[in-house]
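Submitted below is the structure of interest, expressed as structure tokens.
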Amino acid sequence: MGWAAIDWSRWTTNPYYALVVFIIACGSIPKGYDEGGYSASVKLESFMIDFNLITSHWTHDETGLANRKANITSFNVLGAAFGALISLDLNDRLGRVQTWRLSCLVWASGLFIQVFSCGIYGLLLFARIWSGLGAGALTVTTPLYLSEIAPARTRGLVVSIYMVILLAVLSMGFFINYGADLHMAPTREQYRLVQSIPLIPTGIAFFASYIVPETPRYLVSKQRPDEGRAVLARLRGKDISDPEIEDEFNTIDAQVRSKRADLESVTHWQAFKESQVNPNYRQRFWLLMTMQTIAQWTGGNGITYYISSIFQYAGITGNAESLISSGAYGIVKLVFTMAFTWVFIDMFGRRRCTLVGLALQLAAHIYMGAYMGLQPGSGDNKSASNAAIASVFIYAVGWSVGLCTIPYLYGTEIFPTRIRNVCYALSMTLHWFFQFAVVRVTPNMFTSLDVWGAYVFWACICFLGIIILGIWMPETSGVPIERMGDLFDCPWYLRWRAKPRDVDSSSSSTTAGEGDGAGRVDSKQVESRSEPL
């Protein structure tokens, strides 16, 4: 796969359209800040005092302390799992924009309760789940909206802005905690200020959303074509009679009609049953489920949520220093995720990026496990400590260019229309519940297995992932959606070299990774009848 020329025309756009994209992409702030700013605030002295997380109070019950920390951190993810599921129905009933606003309100009300829970542990856990409902719904609704208003040639770029803002906010959260730790007394006001910060940008985005229109695709699906055409013209900054607007609108209308005809003929249960009865579809379904499982149990977001503690295990002394390192960790993830999304994914392909990412994660886990086993938390050997710190950043690179994003892309490109939404929704459900499980058990793993044992476990999953996905995972980059079935017709042990039969790669006018985060795809990705529907 060679180097592709950069299409600079992708970066020119209508100012109103750019503003709409930015406003809606701010829906990633709740998730990003929870992984960065909130998870770090749990280690602020003021928060630990208020919610009884002081280590000296739990001298004879380390497991109890680990459970308490894990519950506070992970219950937001549990709520997000249900929020993502609920949003799939709300998006169709209320529309993308109304669901986005409702999700923001649910999240904000939950965060408000968290900030003023005043050391009441049970109330805090309830608020964490409640705010998670809104944050989880936003992780589905935001990419869906962005994908539906973006032109086909820039869809991947536009949807990636969601992840860019998420990771930027994640990084900023660590630095905000650093500033609060350095300049504020350890009182309730300290952690309350830190945890309430995301209410400001999200609140501004919420009120700004009243200049945001519903997506043309949704309006057409609700038999409101005139409104859809007018919105499309406004987003593109062109007259409603412009031939380009007419062509794009006709394409949207044709796809909505085609998709409606496919989906009206099958229920959710029938779609799932078909995905298991058809051998080709079953192979695709369980490959995606396996990818989601491996992605989370290689450490996944468990490491991100506890990154400040992990840097201290690696030899960084002091809470302030670990927060600075955590912010740098977030920046590394941001830079490499941007590079992956905009360059690597199409230049090197999904399969190669996945395996390289897993290999980097494996190397980082092996070193960190050895370091923690031989001299846990010791900074006496400066070289070994520096290498351990470097291994954490190497892990971030591997995660960013591999399984951080690939399962999302696979879920939107390997299934035919009639079963895609059901299969993708089930994969995202598994993703969220496994993310909850990993975030929940990581502190307990550090206690029961020791830190080195947790890293050995993650390394074993990485090793198994390289073998399983190295054999089972075909390359889908450049393959037209309607020919995906060809990749799964050969025996599973030959899948690594599978290619579609007699495919002209030019027949796919969009990259396969341009599907949106909720399982919908653009008009160029509707299957031809060569793929059984």
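A Cβ is built for glycine as well, from the same backbone N, Cα and C atoms used for every other residue.
I grabbed these lines from TrEMBL:
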- 20-477: domain 'Major facilitator superfamily (MFS) profile' (DOMAIN)
- 102-123: transmembrane segment (TRANSMEM)
- 129-146: transmembrane segment (TRANSMEM)
- 158-180: transmembrane segment (TRANSMEM)
- 192-212: transmembrane segment (TRANSMEM)
- 285-307: transmembrane segment (TRANSMEM)
- 327-348: transmembrane segment (TRANSMEM)
- 355-374: transmembrane segment (TRANSMEM)
- 386-410: transmembrane segment (TRANSMEM)
- 422-443: transmembrane segment (TRANSMEM)
- 455-474: transmembrane segment (TRANSMEM)
- 501-533: region 'Disordered' (REGION)
- 517-533: compositional bias 'Basic and acidic residues' (COMPBIAS)
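In terms of burial and nearby residues, how do these features look in this structure?
When pLDDT is averaged over the domain 'Major facilitator superfamily (MFS) profile' (20-477), the result is 88.
Panel annotation: around the transmembrane segment (102-123), residues 27, 30, 50-52, 68, 79, 83, 87, 90, 94, 129-135, 137-138, 141, 188, 192, 195-196, 198-199, 202-203, 205-206, 209 of the same chain, lying at least six beyond its termini, place a Cβ under 8 Å from a Cβ of the stretch.
Sequence-remote contacts of a segment are chain residues at least 6 beyond its ends whose Cβ falls under 8 Å from one of its Cβ atoms, and for the transmembrane segment (158-180) they are 21-22, 25-29, 31-33, 35-41, 43-44, 142-143, 146-147, 149-150, 190-191, 193-194, 197-198, 304, 308, 320, 323-324, 326-331, 333-334, 337-338, 341-342, 405, 514, 516-517.
Sequence-remote contacts of a segment are chain residues at least 6 beyond its ends whose Cβ falls under 8 Å from one of its Cβ atoms, and for the transmembrane segment (192-212) they are 19-20, 23-24, 26-27, 29-30, 33, 37-38, 41, 44, 97, 100-101, 104-105, 107-108, 111-112, 114-116, 169, 173, 176-177, 180, 184.
Same-chain neighbours of the transmembrane segment (285-307): 35-36, 39, 73-74, 77, 170, 275-276, 326, 329, 333, 354, 358, 361, 365, 392, 395, 399, 403-404, 406-407, 410-411, 414-415, 423, 426-427, 430-431, 434-435, 437-439, 441-443, 458, 461-462, 464-465, 468-469, 472-473, counting only residues six or more beyond its ends whose CB sits under 8 Å from a CB of the stretch.
If you look at the transmembrane segment (327-348), the same-chain residues 6 or more away from its ends with a CB under 8 A from one of its CBs are 1, 3-4, 36, 156-157, 160, 163-164, 167-168, 170-175, 178, 304, 307, 311, 356, 392-393, 396-397, 399-401, 404-405, 409, 477, 511, 513.
Remote same-chain residues near the transmembrane segment (422-443) are listed as 66-67, 69-71, 73-74, 77-78, 80-81, 84-85, 88, 136, 140, 268, 271-272, 275, 284-285, 288-289, 292-293, 295-297, 299-303, 305-306, 407, 411-412, 415, 454, 518-519 (criterion: CB distance under 8 Å, separation of at least six residues from the stretch ends).
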